[in-house]
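Working notes, structure below.
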């Protein structure tokens with residue numbers, strides 16, 4: 001081959017075209033032969049896996065020599081073509097194109113050579129645990145393979161074998177790197193599956209090895225740096241750090257942020273640093289932000305020193321790796337979750353519950369700033385302000401939100417508590433809240449000055465007849481203890497609003513309004529069944545609603561001049577809620593009254609219309625019905641005793657007794673025939689009602705004070721006097737009936753109509769001339 005090239009180069013003058021074509025053909029055949037041998041060798045090595053190292057080296061030498069010959073011949077041809085272009089341009093061009101095709105084939109063979117060399121060097125580096133060098137050789141082989149794939153004329157079967165070989169070797173080095181990583185970063189967990197208990201935290205450890213156990217003699221950098229840099233070269237560093245970051249967050253950082261008694265302990269030993277936990281007793285229910293920041297800083301500083309502060313920007317054979325610091329990479333991966341954890345488990349619980357403590361929160365804001373600055377110095381964070389600091393600085397909004405949330409939660413708990421636990425309200429009762437702050441001193445002096453002037457100018461403007469001091473007070477009654485606490489909560493919240501910022505004051509004010517809206521919706525629904533079945537609870541609920549409505553009348557006015565200016569233009573009012581609460585209480589009590597009326601009428605329906613009282617069975621049924629009615633009324637009187645205000649109590653009992661009496665009157669006046677015995681027995685039943693009826697009026701627990709209301713029965717029972725007249729008629733003669741009618745002017749005429757009186761006379765007396773005369777007088 002060398003003599004052939006020498007002969008071509010030594011030839012002087014014009015080359016013979018036939019001779020040149022023959023030589024190029026020979027060269028082409030030789031290229032094809034070498035190509036076949038190389039492909040055969042590659043196929044055997046990467047597809048058939050046969051040892052062929054010596055033949056491969058010989059082929060490499062032949063390829064190099066042949067490449068040099070082609071370059072010399074190509075140069076000579078170009079020279080001859082330029083000299084004799086006008087003679088045989090087309091022929092020389094064809095020869096040149098054929099030669100260029102041969103050059104392409106040779107370049108592909110060179111790429112195969114470089115691929116094979118890179119794989120061989122990779123294997124050597126992997127054997128010597130030079131992971132960075134091995135990773136770089138794999139990347140070189142990857143580039144060679146990519147270039148080969150870009151040539152469509154190459155054998156696809158060989159490319160497939162090479163690609164598979166490259167994949168296998170990459171997974172191989174990643175496996176070895178993973179093993180080295182597990183030796184350098186060792187997690188120790190408790191045997192139990194529960195990893196969220198304090199006991200499991202105390203058994204969790206992280207071991208950071210600064211050197212490998214089998215230290216190599218010639219290592220260009222610390223082993224952990226070598227492993228990380230190799231991961232970086234292979235493009236796997238991000239996923240490896242992300243996995244480490246998630247475990248760090250789950251097993252180290254989150255427990256420190258959520259458990260106040262947990263503290264990190266750093267143990268330094270030869271070639272190893274251990275991060276573990278210890279428990280220190282504390283009375284804190286939630287961790288202090290400043291303490292949590294200190295704990296996390298300690299852990300991150302250790303990681304920064306032992307793991308994250310390693311150079312990844314070294315140029316190795318012109319192969320530049322990532323210049324982003326490891327700390328910043330890890331920070332980007334876990335900071336969002338870490339800051340959310342710090343907010344939910346730490347900062348949220350540090351928000352004050354009282355506006356007077358807001359000033360103390362500046363310390364927490366300052367510690368948050370210091371924490372973030374420390375992380376920025378470690379390059380764990382970038383320069384931008386994070387959500388953590390924004391959350392801490394937005395304390396006014398968070399305080400208002402938390403306060404409002406706490407108020408609503410407390411209010412709802414009170415609304416869903418038992419209604420029957422009551423307290424007595426008297427006209428002098430007051431809400432247990434601190435005194436409201438006085439208005440501005442200047443305004444106070446001005447008011448006093450005007451008042452003194454008017455006092456001296458006008459001697460006495462007080463009217464002769466004054467109202468009672470309790471005219472506008474809520475009457476004595478019993479309300480639920482929970483409702484009293486609910487009103488105290490409303491007053492305390494508004495009092496808090498008077499010393500808060502404008503934004504917070506507005507939120508607190510509307511939270512108080514929301515309390516009453518919530519009461520309107522929750523209580524009737526939550527206690528629906530009891531309010532329907534138990535008359536005492538219905539009465540208490542009625543009082544509760546009236547009590548709230550009573551306070552809502554003046555609640556806004558009391559705080560009007562002390563709230564934020566935006567609320568002082570008339571919006572700070574609760575008067576619009578008053579009708580709704582009055583209606584709520586009234587409807588509930590009226591529904592109970594309707595239920596009681598229904599029971600009374602149902603009992604009286606078993607009296608067999610009070611007819612044929614001479615029949616013992618009928619009389620017994622009527623007597624039983626009357627006694628059941630009286631018993632029901634007495635039981636209601638006891639249930640409502642000392643609960644309802646006296647006037648409401650008397651009206652309610654009077655209405656129910658009036659219903660029963662009206663039914664009795666209606667049944668008796670509807671009878672067509674009443675014998676003497678019937679009349680006597682009906683009179684006896686009516687007398688029972690007349691004697692025991694007033695006893696149901698017992699609004700007060702002291703029996704001596706109830707006599708007044710029992711004597712006023714006719715005031716509350718409209719049918720009481722007609723009932724007495726009915727009793728009189730059952731025992732009276734025709735003459736007595738006529739006298740009480742008194743030409744339509746007597747008490748009987750006031751109680752019954754003429755038709756009703758006539759019907760009773762016809763039922764009571766036989767048809768005689770005297771009866772006819774008596775009927776004639778009834779007009």
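Don't overthink the numbers, they just go from 1 along the chain as shown.
Using the three backbone atoms N, Cα and C, a Cβ is placed for every residue, glycine included.
The N-acetylalanine annotation in Swiss-Prot covers 2 and is backed by experimental evidence.
Note on the region 'Interaction with ZWINT' (2-81): mean pLDDT across this stretch is 63. The feature region 'Interaction with ZWINT' is assigned by Swiss-Prot to 2-81.
For 2-317, the entry in Swiss-Prot reads region 'Interaction with RINT1'.
Per Swiss-Prot, the feature phosphoserine maps to 3 (among others).
Annotation comment: Swiss-Prot describes 12 (among others) as phosphoserine, evidence class a large-scale study or a structure entry.
Taken from Swiss-Prot, the feature coiled coil covers 14-130.
For 777, the entry in Swiss-Prot reads N6-acetyllysine, with the evidence type a large-scale study or a structure entry. Reduced to three states, the DSSP call for residue 777 (N6-acetyllysine) is helix. Packing around residue 777 (N6-acetyllysine) is summarised by its Cβ count: 16 other Cβ atoms lie within 10 angstroms of its Cβ, all protein chains included.
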